[in-house]
Structures are given as structure tokens and as C-alpha cells.
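Here's what TrEMBL has on this protein:
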- 6-25: transmembrane segment (TRANSMEM)
- 32-50: transmembrane segment (TRANSMEM)
- 79-98: transmembrane segment (TRANSMEM)
- 105-124: transmembrane segment (TRANSMEM)
- 144-161: transmembrane segment (TRANSMEM)
- 182-201: transmembrane segment (TRANSMEM)
- 221-240: transmembrane segment (TRANSMEM)
- 277-341: domain 'J' (DOMAIN)
């Protein structure tokens with residue numbers, strides 16, 4: 001049955017952020033992506049308004065086309081590559097919040113999550129990529145930055161480059177019943193949101209701490225690039241600013257500044273607590289010098305290195321990661337209020 005443009009626009013308006021129009025057009029990967037990101041943070045959903053006619057034409061063309069192009073490589077798309085990197089980072093951050101307590105998280109769960117995020121974007125529309133090579137690139141990159149949350153960025157970049165290198169058109173398959181497609185999407189949605197919901201409901205304090213740590217890391221990364229930092233501020237508070245504009249709040253600018261200050265206070269409170277715990281892990285008094293921090297780190301690493309504790313590998317690995325995390329926290333210069341603005 002041919003897909004209608006008016007029906008597509010109606011579904012886009014009613015359930016666009018949930019991907020209903022993509023489900024109607026048979027673009028299940030795009031629908032899942034919108035379900036997990038709420039329409040790309042709302043921005044992707046709005047930008048799709050002008051692309052819906054081409055989506056409908058592509059869906060109708062796919063119905064009448066029995067075979068997919070063979071030996072033809074899709075054109076390179078910088079937008080798709082950027083989306084792969086961003087979604088890979090997003091999946092990695094969600095995994096960091098909900099699964100970081102797992103054993104071997106940085107060598108198994110993190111690269112798998114980032115790689116799946118990259119592959120999800122690669123499978124949008126009529127394109128796809130090679131699963132083994134993309135996941136393999138993520139796993140090969142993860143040991144280089146073992147134990148550090150910043151590993152999410154290079155893993156996502158490596159997996160995205162590999163996915164672009166092995167991009168291809170999807171093979172033509174027979175249409176499946178809607179119930180089978182919904183079942184598959186439901187399982188994928190639960191696999192993504194289940195651990196996150198469990199972490200938020202059963203371990204709320206730790207989840208808030210992880211969220212604050214991630215926000216603080218993002219702000220630290222963008223502190224060296226003022227323009228990107230401002231874009232990050234805009235992105236974090238974009239839903240709030242849109243709501244204020246729609247309600248016509250006369251104190252828009254001052255409210256925006258106040259809300260950003262609240263976000264800063266929230267992050268800063270956890271950052272201060274994290275530094276105090278880091279001093280305790282390294283066995284140092286608060287305010288220790290950089291030389292003392294470095295010396296204590298080197299001594300503790302030698303004591304708790306897993307290779308030196310073969311009889312208690314699991315406990316040694318736990319202490320080893322805690323020491324690395326504490327040293328990374330104390331190695332960063334403490335931010336004052338002015339630097340966050």
C-alpha cells in the first residue's frame with residue numbers, strides 16, 4: 001500500500017518525537033532512534049518537517065523495488081557521521097550512568113553501547129553498515145583509555161569512521177507484520193531504558209552523582225572552547241527556553257541566568273563531594289599539593305595493580321579503578337564560579 005503524505009504529516013505532528021511517522025513509513029531504525037532521543041532532542045523532529053516528502057517518496061520507491069542496488073556505495077554524509085558520533089556519545093553516557101558498576105565495564109559494556117549507538121544511526125533510512133567491523137573498532141579503542149569516562153569520545157569517533165568506511169545500502173527484504181516490528185522495537189526500547197530506570201529508582205543518589213559528574217565533565221571539556229561552551233549551554237537549557245518563550249515570561253533573560261546558576265550549584269555540590277572522596281581514596285588531607293597527590297597515586301597503583309594481586313584480582317581491580325578515578329579528579333584544576341560562566 002502506498003504511503004500518504006498527509007497521514008505522514010499527521011503522525012509527525014501527533015507523535016513525531018516518538019517516531020510514529022517513521023514507523024508508518026517502515027523506517028524502524030529511525031523510529032527507534034527518535035524513541036530513545038525524543039526526536040533528537042526535539043530539534044531533529046522540527047527539522048524533519050521539510051524532509052517528509054522525500055521520506056514518503058523513498059518509502060513508496062522501496063515498496064516497488066524488488067532488489068537493492070548492488071556494488072553501489074552510498075554517498076558520504078558529514079551530517080550522518082556527526083550524528084553517529086553524537087549518538088554514540090549519548091549511548092555511552094547512558095551506559096556510564098546505568099551500567100558502570102559492572103565488572104569489566106570499560107572493556108565490554110561501554111564499547112558495546114557506543115558501537116550500538118553508532119550502528120543505529122548508520123541504519124537510518126536505506127543505508128546500513130557492517131556490524132562486526134564497527135563493534136570491533138569500538139572494542140579495540142576502549143583499552144587505550146581504560147577506566148576514564150573520556151573514553152566515550154574516541155570510541156565513538158573510531159566506530160563512526162569504521163561505520164562510514166563500510167557503509168552500504170540495505171538488502172531488500174519482505175515486509176514484516178506490524179506486530180513483529182513493534183515487538184522488536186519494544187525489546188530494544190526496554191534494553192535501553194530498563195537499566196537506566198532501575199538505576200534511577202533503586203540507586204537515586206548514585207545516579208544523580210553520575211549525572212552531575214557527566215555534566216561537570218562536559219563543561220570542563222568545553223571550557224577551552226568558548227563558542228562550543230555557549231552552544232552547550234544553549235543545548236542544555238533549550239527545552240526550558242522554548243517553554244518560557246511560548247508562555248511569554250517577561251523575565252526571560254534573568255530567569256535563564258538564574259536557571260543556569262541552579263544547574264551550576266547542582267553540579268558544583270557533587271564536584272566538591274567528589275574531590276573530598278578522592279582525597280580519602282588516596283589517603284591525603286584536603287588541600288594536598290600536586291606532588292603529594294602524584295606520589296600517593298604511584299604508591300597505591302603499585303600496591304593494588306591487578307597483576308600484583310593475582311589471588312584477589314576482583315578486589316584489586318576495584319581499588320585500582322578507584323585510585324585512577326581519584327587521581328583524575330584531583331589532577332583537574334578546581335573551577336571557580338567565574339570560569340563556569
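Using the three backbone atoms N, Cα and C, a Cβ is placed for every residue, glycine included.
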Taking the transmembrane segment (32-50) as the first stretch and the transmembrane segment (144-161) as the second, find out whether 3 or more Cβ pairs fall under 8 Å, excluding pairs closer than 6 in sequence.
no
Proximity of the transmembrane segment (144-161) to the transmembrane segment (79-98), 3+ C-beta pairs under 8 angstroms:
yes
Across the domain 'J' (277-341), DSSP labelling yields 49 helix, 0 strand, 16 coil
